[in-house]
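As written in TrEMBL, here are the features:
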type     : residues : note
ACT_SITE : C:76     : active site, charge relay system
ACT_SITE : C:151    : active site, charge relay system
ACT_SITE : C:175    : active site, acyl-ester intermediate
DOMAIN   : C:22-464 : domain 'Amidase'
């Protein structure tokens, strides 16, 4: 299997990373060497094997439903790129 | 060509928990921007989610209420996409192993009972809000809502008209508020409906291409949006066009739907199990304790009202329109033992007066006990229907208890037959014409005489008694 | 001072032979002198360090000192530290002053251990050489033309050069153990779930685990006592009784069964590394251990599995860096989407972007089953191999890395060759098992060699016992680079 420059651009688009044609081309060859390495696992017969998503076989602990947080928006927004009236500002969102 | 409409609904219900699904922030509505957005909610680097037990319990209640399967092991997944109101760049949701699968909702469309199967219901987190007022050409982001727990309830595509869709949504709204998992406030976005709509020629087995109408926050808009969309799809097809799969928005001002994104722009959400959250295990003891704490559900209560209080299926449906209304009815009915009469009062005078005053049943100035007492006085003959309305007015104004109002306003129905006979004699004497007409076979004349007697008694005469005495006198 | 163990420093502090402020100042002076040539630190803030040391002194004076109160430590710049710049080695967070403390930081603060600063690292912990840091490469104290390993390269270098008596690190695929090996120090990655990940900037959530890095196993045991413990803010944190990881240090090794995986001594292993590790086995046998050959057949697939799972999780974990709420935002853009794309193109370095692309690809529509699901299944096969192996041995031993430190720039254009450096360390992350690296010799160029121990779940005390007994019999861990003493 191998990625085309268009594949690279499609995934860069999914990941919201700007990439131009020459970068896509350069990434493509590097990514393909990595995918060649990854491809070695395709040969393994994993029928009947349960996927392992977590390092420990434990189940989710549940938090009691109570309000434990207080307002820290001033501290949080002191490090924000753009805020006004307590809101984070972003370029206009068009729906 | 005749067309059939196919609708499936996805309803986002905000769960009535104190805190958010993955953080200890308050979920209260209306706070200043970002004051209820903790480090977890704004997705600071390094923060982690911890699941709220209350949100899981809401989902268990819902599953038990609709007879669904509860997945004893269910899993949270990440749905990846970029949007400024989604701070992590992914929404924590459930895809492959949702907490609830299956279940049915039964409701009335007019007089006809309909049953719709549910596909699933899963837990997820709400997004923040984008405020589009102009900030020098920028959009403001408020993350107070981010992380509010949602139960997304998905129906099978078994709904066939906008009227059915609204009836389904209303029944679901009644149920989720009934079992207390959602406050049902549609203005505040607590109950939001997405409608998947397609049309196909009658008789065709496969579905047409669907378009999804997003974020309908009133039953009226749901109806309007579907009606418009169905018309639009049929016209498009009849004009030789094709329907493209798309997501659309409904504009209440124009009454039209418009394209938000086409299938080509559809996200590739790259779902995968959230490695920060472990599989959720529901143990049997927990499920049983939730089951035992569930209130009697609307469907069961409707059947019981029909058998215990002899109300019609239709009336039982109306009386269980909300849990508060049903509880009011039952308290009033128990107070006087007259279910049928109480039902008429609740759905008649009381509902009309509440509507006029824009109050809901929980705000009624007339308590269930008082209404019961009023009906008891009708039943024992103290009050005629007409007098009872006057007493009801007194109760509404807060003039005191039923008997006190009857006493104070002199509204007692005449029970002394001697006094009544005298009035009747007077009326017969001064209405000879009507008496003659009655004898010549005109039934109407009888009613006119009753009216005169009631008038002369200032409404205090017992109509049944008047009827009997008058008949006897005219023999 | 620069050679003192944590126990020795704690004893000096307790005996009032030195104050925490004096001790901190000595290390700060050493950092001032040596860091410019090593670049082990991203942030040093003497005022903050000395203020924390003064607080520790007050605790000592008040008789409320814990075992390590007053002993300073350096923290990997991956841990959010309230009021400190926390960059994760990235331009994306070059201006991010964390507004809260990671759980690990809270624990060290509660223990009264002043922070000497934030150590350099591969960007978002992605790298095995510390060359991907936005703040420049870290140099190996044994030879500054060589890499220190990564991603906790700053931590390893600062401990090796004795710029700090100890440091924290994190390990997703070997990021504590490999730099520990390449810098000649001891480092331990605990069982997944023992140390809270709250406040530790996520790379691959199901693999990330923080751990101690210090000259000796005894030091690591003391630090592990501070770092571990249940945290309700991390859903994967394990609720277990608190352990004393020093409890078994002095146990003899008589009867210890060491498993030697044949796959770890096969093709690809540098001869000098093999010889040193084998010599260490001989030494451990002298101490009473026996060996048994085992097989971890599926471990050979660890790298492909890892390079599916870790980038997949990372691609999602790093989506929050969008220029909206904190960190870098591109100075110019035409609209929201352009702001996202430029911010992320400019804010992330090449290796991070590469892994985000890999992750986005393996999770994208139509590829999930072939890549992600297949990798998760093989992950289980790898874990099962360990379960089987631990039926016949108490601890698994092998090399930490296939070679010693390589030259700066030598592998930076060849990602796959770089990835192969983590061949022996990744399996423990996939299985969630504890692993540690300790010095066991030097190659002909004078560069350190590390051996790796992998234990069964929660067997840290046993591993530390083995390492400590070995370190009592050898002095590899006590060596300090010439000119840095």
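Each Cβ is built from the backbone N, Cα and C atoms, and glycine gets one as well.
Note that TrEMBL annotation is computational and uncurated.
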C-beta crowding around residue C:76 (active site, charge relay system), within 10 angstroms: 30
Neighbour count (Cβ, 10 Å) for residue C:175 (active site, acyl-ester intermediate): 37
Cβ neighbour count (within 10 Å, all chains shown) around residue C:151 (active site, charge relay system): 35
Nearest-integer angstrom distance between the alpha carbons (Cα) of residue C:151 (active site, charge relay system) and residue C:76 (active site, charge relay system): 10
Rounded mean pLDDT for the residues that make up the domain 'Amidase' (C:22-464): 97
Integer Cα-Cα distance in angstrom, the residue listed as 'active site, acyl-ester intermediate' to residue C:76 (active site, charge relay system): 11
DSSP three-state assignment (helix, strand or coil) for residue C:76 (active site, charge relay system): strand
